């Protein structure tokens, strides 16, 4: 087969986790640079209203990538478990269905968003001042949405097969090209926000081209022939397992849209601009947390399929330690250097102190959320889609939205910043209960149940 499944059979879990996590974290970091670089260039060369427009566009971008992540995570989990079971036919079926599903889903979503872009943009909190900029940016970035999602799907598939670097290289290529084109179109030729959108779409296309040609080598090793394949039963498996990851990502879009509206009503366009900067910078805090959690997932899935339950517990413990340790380091760094970090985006001295205060409040308890993401991806690795889904909506939708609505109503803009740490600590406490429950499982009993419910016929 040429599949590097031996990486998951190694007894050195720390080494395996590092081999998977480092490229994933770097890949997520580079991927986050796409939107971040646009924000830096338009903030410095177009003005704060352009940052507001990108803030309006953020929920749409996050929704589209959420669809790609849904398919990618569901497929990766399915492939990892199939490898553990030595079922290579299922590996091929998972790959073909995921690619076909991604193409259909992203094209349909992009067309619908373009057709209804005006009401969508206003619903996301745009004022008449921000609308033209947001409409121009969104219309152009839709052109690259399919390429971005396919790159994500290829990256996750390759990671589940033991190839950890292709996704990273694809993102590095794309991000580097994005910076170059942003400089040329936005800074040099003064094309404005359209230049930033063109840079993003072109760089996503070129990153995809690299990922596709790299994937062809794996395709040949698998004796895989591309064909448009939609097996509804297998698609349901992919979607049900990946749905919690979709909710984790899409809940950011929901929260962003809600906050844009609430903050615009309370603080006008300036509040929308500040939340845009705070959101984009705080995303870097989540990169190591999510990267390590994702890296843990195929290790758990593989050993679950191989019935190696002691190794699963050990991998879970190591992942928790890694997530908590790295998140504390980054948290301290961002608290200390908050002012220069936010200064990359905002030149206006009147907005800078308010943005720094908001940022520090938002991330004040962020390290506690590491255990929350570990718990979601752990249950996802087991194929426990219902429990994983419930956890994935808990922090952002069940807790954050009601808390934000109440606090903004009572405290104004300040309430939005306080809602973040409150949601973090509540979700962390809840996750500790679930992770302790997971560690105390009688795996042999749960295995018999999951094998019954989660085979290819009923994954």
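Each residue, glycine too, has its Cβ placed from N, Cα and C.
Nobody curates TrEMBL annotations by hand; they come from automatic prediction.
Note that the coordinates shown come from a computational prediction; the quantities given were computed from them, not determined experimentally.
Here is what TrEMBL says about this protein:
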type	residues	note
TRANSMEM	12-31	transmembrane segment
TRANSMEM	51-73	transmembrane segment
TRANSMEM	94-117	transmembrane segment
TRANSMEM	137-159	transmembrane segment
TRANSMEM	166-185	transmembrane segment
TRANSMEM	191-213	transmembrane segment
TRANSMEM	234-251	transmembrane segment
TRANSMEM	271-295	transmembrane segment
TRANSMEM	316-346	transmembrane segment
TRANSMEM	358-379	transmembrane segment
TRANSMEM	391-408	transmembrane segment
TRANSMEM	414-435	transmembrane segment
Recorded stretch that, among 51-73, 316-346, 391-408, 414-435, has the most CB pairs under 8 Å to the transmembrane segment (271-295): 316-346
Seg_contact(the transmembrane segment (358-379), the transmembrane segment (414-435)) with at least 3 CB pairs under 8 angstroms, min sep 6: yes
Top Cβ-contact partner of the transmembrane segment (94-117) among 166-185, 234-251, 316-346, 391-408, 414-435 (pairs under 8 Å): 234-251
Outside the transmembrane segment (316-346), six or more residues from its ends: residues with CB under 8 Å to it: 13-14, 17, 21, 39-40, 43, 48, 51, 273, 277-278, 280-282, 284-285, 288-289, 292-293, 295-296, 300, 352, 355-356, 359-360, 363, 366-367, 369-371, 373-374, 378, 435, 438-439
Other parts of the chain folded back onto the transmembrane segment (391-408), taken as Cβ under 8 Å at six or more residues beyond its ends: 243-245, 247-248, 251-252, 254-255, 258-259, 262-263, 266, 369, 372, 375-376, 379, 414-416, 418-420, 422-424, 426-427, 430-431, 434
